[in-house]
Amino acid sequence: MSNNNQKAIQTLNHSDASKTMAKLRHQLKQWSNQYYVHDKPSVDDFIYDRAYENLVTLEKKYPDLITPDSPTQRVGGKTLPGFQKVRHQIPLLSLGDVFSKQELSDFVTNLRQEYPDDTEFNCEHKIDGLSISLRYENGRLVQGSTRGNGHVGEDITQNLLTIPSIPRKLTRPINIEARGECYMPKKSFLTLNQYRDQNGESVFANPRNAAAGSLRQLNPAVTARRHLSTFMYNVADYNDLKTNTQSGLLEELRELGFTINPNYEVAHNMDDIDRYVTKCTEQRSKLPYGIDGIVIKTNRLDLQMKIGHTVKDPKWAIAYKFPPEVVQSKVLGIDWTVGRTGIVTPTAKMNQVVLAGSRVSRASLHNPDYLKEKDIRIGDTVNLHKAGDIIPEISEYVPEKRPSNSKPYPIPVKCPSCGAKLVHLDGEVALRCINPKCPAQLIEQMNHFASRNAMDIDGLGPKIVHQLFDKNMVEDVASLYHLTHDQLMQLDKFGEKSTSNLLTAIKNSKSNSLERLLYGLGIRHVGSKAARLISEHFKTMDKIMNADSQSIAQINSMGDIIADSVVTYFRNPYAKQLVSELKSSGLNMKYVGRHRVANSYFNGKRIVLTGTLSKMTRSEASRWLENRGAHVTSSVSKKTDIVIAGTDPGSKYGKAQSLNISIWNEDYFLKQINNQ
Ligand code: AMP
Ligand code: ZN
């Protein structure tokens, strides 16, 4: 922290301090909510720290100006020193489990024999996450903890405060300790693991481990970037509630401001329970979160208390775990693919099998350590399961079926694409090719360069990129801008029209705003958000190339990791050369803000999106339209030019009809995209 700054802060009078503190609180809150890439490792947010310390200084001087919502009272900007232990006044119980419908039915029968009044069960999804407990005093969150061993857990309040579904303040000023599950949605789990793979880090085995790892680490800023969510389903002490049933409790939790899982049902008999199980089994693969079974609970809370619990589990509830879906297949080979950043990833190729509803013939083996640990060999029969309900994964090889002449799989020492020696960079688990001219990397870089969030070159898909390299028409992304009509005509199935479309798309990309180019370069850790912020800040490529690490790190507490990566990238002579070639091909090197694609049909049009699109998400569609100068708005009015309607459109559709506004379906929209 600069001394001047510190002095200036200390000399503020009460009224100026009050204003400055409000500003600091606002800024700090915004910063801690922001994230740039999905899993940016812990960063030394030095700007954040400085603002935070200024706030602390002022709060020390004027304690009367401390507000309960001050970040100093909540999410710390700093790494936590370690977790405090929390003794749970009322223990968090686990759950007994059964693995067959017969056992489930026995459980119900036995319970009813002993408690004939027990005629209603609340059926719930069993969320694949980890138990948490949230304590509120006067409606304000005062502590959040893990279950630990049920009696003693860890205080993870700072991390839990970063999760949007957890209310800081309830709708009523009551004292309550809510319990439930913290989980990582499937989509976040997938992206997180992909990101970790691409960056040479180890992957999480399932969403439960990923959620636990994200909560039990010492930097709240990392937790914030992991997109966790929660479903609450219990309270420590029922006496605080108005309701007298489990299903009512869920609704009461919802009214208090918690997120509950809406997929619960009250069952009156075994048939109802069976139907619930069947329904969940069918729903499972389509749910946005992982479940590993269902839980049935005696619905009446007074009965729950009467039935009681063992030392470990409640006697009024049971979990039915889905049978694990495991199928066997045979490993035919191991492919090593070189990614954009040179990471070489092994993938097992297997005989095709159907696993949890989808055809599977490949499974990632992530990195050499993983492969060695699992000791997978060619010719092995392996058990396959789906990690977190989504990713096909090899559980283990089947020893009885291993051929007698099998040998450990030799880890390659040379790049499968260019033959360069492979290396491990500073302790990474990943193996890398560090040859900047490696064709496999150049191909992947070009795919990235052309992708929608980068230069958005329509029609330049992976197949065409491959051909361009195969036919030696390009060497790197710079050579894209030298492609000629005659060259493109030689590509498979390319006629006049496709050739001229692609040439136009390439030409149009030259006028893209700087952030697209910066992102397209594929600098490590620089996601599209970071690229935008950096471009917005520095305005020109030259300034970015000459920026020092500190000035980049300062932009919205972006942090050292991104900053160092940018500086290192531009220090490389290849990078300098590449940018100068792009410059001489006439690429725009300035930040021009939103209206990136000139002369678009969509420029200036007011557009509303409704319903679900199948080929892209609505936010991708909005971005695409906005990049062409359209104003994408959320409600239909007389001024709206076009309504784009996917399946199950909402009321906007009717409104558009009544106002006689032109309505496009997705197909038509896609045609227009291709014509652009
Ligand atoms: P397990 O750890 O697999 O034996 O299952 C017990 C755990 O399931 C509990 O400790 C809870 O964290 C979790 N769980 C997930 N969903 C629910 C639910 N709807 N009701 C109760 N517990 C649940
Ligand atoms: Zn290589």
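Note: Cβ is positioned from N, Cα and C throughout, glycine not excepted.
Because TrEMBL annotations are produced automatically, they should be read as predictions rather than curated entries.
In sequence order, F121, N122, E124, Q246, Q304, P314, W316, A317 constitute the residues six or more apart from K297 (NAD(+) binding site) in its chain with CB-CB distances below 8 Å. The NAD(+) binding site annotation in TrEMBL covers D45, F46, I47, Y48, D49, S94, L95, E124, R147, E181, K297, K321.
On its own chain, K126 (active site, N6-AMP-lysine intermediate) has L95, I291, D292, G293, I294, V295, A319, Y320, K321 as residues at least 6 apart in sequence with a Cβ closer than 8 Å to its own Cβ. For the recorded site, K126 (active site, N6-AMP-lysine intermediate), the DSSP three-state label reads strand. As annotated by TrEMBL, active site, N6-AMP-lysine intermediate applies to K126.
Residues annotated as Zn(2+) binding site in TrEMBL: C415, C418, C433, C438. Annotation note: C433 (Zn(2+) binding site) sits in a strand segment as assigned by DSSP. Sequence-distant contacts of C433 (Zn(2+) binding site), defined as residues of its own chain at least six apart whose C-beta falls under 8 angstroms from its C-beta, comprise V338, G342, V344, C415, S417, C418, A420, L422, A440, Q441.
TrEMBL lists 597-676 with the feature domain 'BRCT'. On the 0 to 100 pLDDT scale, the domain 'BRCT' (597-676) averages 83 in this prediction.
Candidate recorded positions: K126, K297, C415. Those with a Cβ under 6 Å from ligand 2, in sequence order, are C415. Proximity of the recorded positions (L95, K126, K297, C418, C433) to ligand 1: a Cβ under 6 Å from the molecule is found for L95, K126. The Cβ of C415 (Zn(2+) binding site) has 24 neighbouring Cβ atoms from other residues within 10 Å, across all protein chains displayed. Burial estimate for the binding-site residues (L95, C438): highest at C438, by number of other CB atoms within 10 Å. Every protein chain shown contributes to the tally, and the Cβ of C418 (Zn(2+) binding site) ends up with 16 other Cβ atoms within 10 Å. Around the Cβ of R147 (NAD(+) binding site), the number of neighbouring Cβ atoms within 10 Å comes to 19.
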